[in-house]
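Asker: Got a structure for you, written out below as structure tokens; questions coming shortly.
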Amino acid sequence: MCGIVGILGRGPVVGQLVASLKRLEYRGYDSAGLATLEGLHIKLRRAEGKLRNLEERLRYCPPEGHAGIGHTRWATHGKPTESNAHPHATENVAVVHNGIIENFRELRAELERDGANFRSETDTEVVAHLVESYLKNGYSPQDAVQASLPRLRGAFALAFLFKGHDDLLIGTRKGSPLAIGHGNGEVYLGSDAIALAPLTDTITYLEDGDWAVLTRAICVIYGADGSVVQRETSKPGVSSLLVDKENYRHFMAKEIHEQPTVACKTLAHYLDRSGERVALPLTLPFNFSSIQRISITACGTANYAGHIAKYWFERLARLPVEIDVASEFRYREAPLRRGDLAIVISQSGETADTLAALRYAKSQGLHTISVVNVSTSTIARESESVLPTLAGPEIGVASTKAFICQLMVLAVLAVAAGKERGKLLEIHESNLVRELIEVPRLIAAALLIEPQIEKLAGDIADSRDVLYLGRGTSAPLALEGALKLKEISYIHSEGYAAGELKHGPIALIDEAVPVVMIAPYDELFEKTVSNMQEVAARGGKIVLITDAKGALEATLDTLMTIVLPEMVANFAPMVYAIPLQLLAYHAALVRGADVDQPRNLAKSVTVE
Ligand code: M6R
């Protein structure tokens, strides 16, 4: 994962490099570093931990070079120490890398035999030594990179800076994203357009296998075979404002509270409100009646959104759905039917496994739709149709508002499918649309329970384990609740379909285990209450999330009963997600965890 940036500037570039790295920190924050050309020499500045540690180090003696590269790291090979921080440099070249060099061991052994002296445990350092070996043999920087690239296996985006070459950057990509930014007498490389947004809005995306030789005046892009290629330059219109927390303590809190607004905005994009009709913003290149099966792939929270959507597509459109975690889908060689539909869901649009799943589906002749939040992302660019979630930038590592907007888009799509397949009459459509229109208001009402959740967080924050249970669409929501809690508070938590309780997880229950029961008052409510009885009989501490009717009917002692507004059950997950997000947030606060940048994680997972 990792974010990379490179700049050939008209003045000192350190400030620009750091500003771009700040915008890339969502890709990793284990260490950060930069290399600049000071006079003719490469100067490295690196620091373990968050970018602010590097900034601290730069404060007293900022480098003055006009050419530089920078990196923010999510550790793959080697601990997150300063010596493993990028850039990695030899005498004549410095490199930053996003991805994994799979054959680094054999390359390292070969280079060490030839006398190279390695100073880190990373896979990346082999790239610097490999290019250096060609430079030492009299190759030009361009020839040295060209000779090195075919020897690298794996996925990578790389940016190179060369000693004595104040007007040269070389960048390349294979598997990991890299973009060129064009400025006024300046040129940039960055992992994405967002990193470069304060510098330029004119972007050229490299394609897999491309490598580019940049000077302040000219950019030449070569394909893998060494021939010059033309790549389109666009203006993706990414906001240059660095998103801030406004009056919130954390981005996650801000993003949770933005949900009524962004849900409404997303919905407005997909509905004809006055006509109470679904109105997709684009014409899909297929008819849902010709689709026999949908294949959904995604990772993490986006995957749970897909699980919930499976209920909607199957119930509303009578359309079978298969859902996979993207990291497994790509390896199980799923037999797919040409002409069917694959949906990939991703906030970042850069998740490596989801991208690979998309490519596999395309290779099998499926129509592809991506539900993405970043419209300039690789997944958006490579899909046949894009359905954007209009959540705005999501900065907190824990996905909250993107999840709600993914659900919103998928719900609308399921209604559209049901209609096109003749499974929903106009009257059903308008009822469902009216239910969807209510959701932002219900989310706002659900947010009012925050003080109660804050108290609950104090009660559960010392727990060793927490279980989440639900039935129907609340079953995948239970998985999402557990993921949210574990990733930011580090409390072990598991989600299960409530009916599975007696097939194993019930063994975990004792007086110390809080069990969060997600139980809207729907046709499954009674069955969920039976599961609550089973928990109560074993002394488990029940946290019941339901509505007024449910609270009245479940006559059990609970640690806390959280009463949400009453609603028709179809789209309940979008409202019942709110207390789960708030609980995770407040439990993390009580435990003093780093809410927005939890340990070991990154916002965008661009390695397999
Ligand atoms: O950017 P994506 O939606 O593809 O990311 C998928 C997961 O990495 C992401 O949802 C992750 O699970 C979040 N940290 C969950 O809060």
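Using N, Cα and C of the backbone, Cβ positions are placed for all residues, glycine too.
A TrEMBL annotation is a machine prediction, not a hand-curated record.
Features from TrEMBL:
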- Cys2: active site, nucleophile (ACT_SITE)
- 2-217: domain 'Glutamine amidotransferase type-2' (DOMAIN)
- 284-423: domain 'SIS' (DOMAIN)
- 456-598: domain 'SIS' (DOMAIN)
- Lys603: active site, for Fru-6P isomerization activity (ACT_SITE)
Asker: In the three-state scheme derived from DSSP, which category covers Lys603 (active site, for Fru-6P isomerization activity)?
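Answerer: In three-state terms, Lys603 (active site, for Fru-6P isomerization activity) counts as coil.
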Asker: In which DSSP state, out of helix, strand and coil, do we find the residue listed as 'active site, nucleophile'?
Answerer: coil
Asker: Would you list the DSSP helix, strand and coil counts for the residues of the domain 'SIS' (284-423)?
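Answerer: The counts are 62 helix, 26 strand, 52 coil.
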Asker: Which residues does Lys603 (active site, for Fru-6P isomerization activity) neighbour through Cβ under 8 Å, counting only same-chain ones at least six apart?
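Answerer: Tyr26, Arg27, Ser348, Glu394, Ile395, Val397 - these are the non-local Cβ neighbours of Lys603 (active site, for Fru-6P isomerization activity), listed in sequence order.
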Asker: Are there any residues at least 6 positions away along the chain from Cys2 (active site, nucleophile) with a Cβ closer than 8 Å to its Cβ? List them or say none.
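Answerer: The answer is Arg27, Gly28, His71, Thr72, Arg73, Trp74, His86, Val96, His97, Asn98, Gly99, Ser191, Thr606.
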Asker: Over the span of the domain 'Glutamine amidotransferase type-2' (2-217), how high is the average pLDDT in this prediction?
Answerer: 94
Asker: With DSSP, how much of the domain 'SIS' (456-598) is helix, how much strand and how much coil, in residues?
Answerer: 71 helix, 29 strand, 43 coil
